[in-house]
Amino acid sequence: MAPALLLVPAALASFILAFGTGVEFVRFTSLRPLLGGIPESGGPDARQGWLAALQDRSILAPLAWDLGLLLLFVGQHSLMAAERVKAWTSRYFGVLQRSLYVACTALALQLVMRYWEPIPKGPVLWEARAEPWATWVPLLCFVLHVISWLLIFSILLVFDYAELMGLKQVYYHVLGLGEPLALKSPRALRLFSHLRHPVCVELLTVLWVVPTLGTDRLLLAFLLTLYLGLAHGLDQQDLRYLRAQLQRKLHLLSRPQDGEAE
């Protein structure tokens, strides 16, 4: 039992790292653009147009750096999700395979956020500066971001957050209960294999709904939108399963409790 108990601290460390990275990601994608905005460097008049920006090394260099960071994150996230890599990590790390995947993803995302280069002199796709837009647009964006993050946290709980973070696998292993996914129905497993990111719409809202969409933010939003779109493969069978599960849950919630029935 001692070797099994050693797995628990490793899984908890991975979870804490992922949780801290999630908090930092909220700050990076929401609080900084909504409360801090793009760092000023001479005001909007100092920003270049799109054609001029394509010839300016001071803009292209940080843009290429940010692109490299995003490709590093996407590459790690996709490579470790491949079946061959998952089989290899499962062979050598056993029940910690999911925790390892979560920890590596968190570290890759930390690199993106820590070394991200803003481009204050770059062109912007849109910007709310004139009143009343300078007051109401940030407020509307803030409300939509709060709603989106609340929905994201709620959906993660519904989609078995402990299993997604690798905690449930270790817990079941220590208690000798086997693999958690083995207890799920084939239709649920099929859905999970197609729906790698169950919070796609909410993340897209966070990425795109900002008062100022500058060059680096446009790169971040575009590439992550493209990646999220390619990672989804839902079909009609998955949608029918989701509809049936939703109807079943609504039916259970609408049933009167024992005390109320009496």
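For all residues, glycine too, the Cβ spot is worked out from N, Cα and C.
Features reported for this protein in Swiss-Prot:
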type	residues	note
TOPO_DOM	1-4	topological domain 'Nuclear'
TRANSMEM	5-28	transmembrane segment
TOPO_DOM	29-58	topological domain 'Perinuclear space'
TRANSMEM	59-80	transmembrane segment
TOPO_DOM	81-97	topological domain 'Nuclear'
TRANSMEM	98-114	transmembrane segment
TOPO_DOM	115-133	topological domain 'Perinuclear space'
TRANSMEM	134-164	transmembrane segment
TOPO_DOM	165-191	topological domain 'Nuclear'
TRANSMEM	192-210	transmembrane segment
TOPO_DOM	211-216	topological domain 'Perinuclear space'
TRANSMEM	217-234	transmembrane segment
TOPO_DOM	235-262	topological domain 'Nuclear'
Secondary structure tally of the topological domain 'Perinuclear space' (115-133) (DSSP, helix then strand then coil): 1 helix, 4 strand, 14 coil
The topological domain 'Perinuclear space' (211-216): DSSP-derived helix, strand, coil residue counts: 2 helix, 3 strand, 1 coil
Positions whose Cβ lies under 8 angstroms from the topological domain 'Nuclear' (81-97), at least six residues beyond its ends: 7, 10-11, 14, 166, 169-170, 173, 196
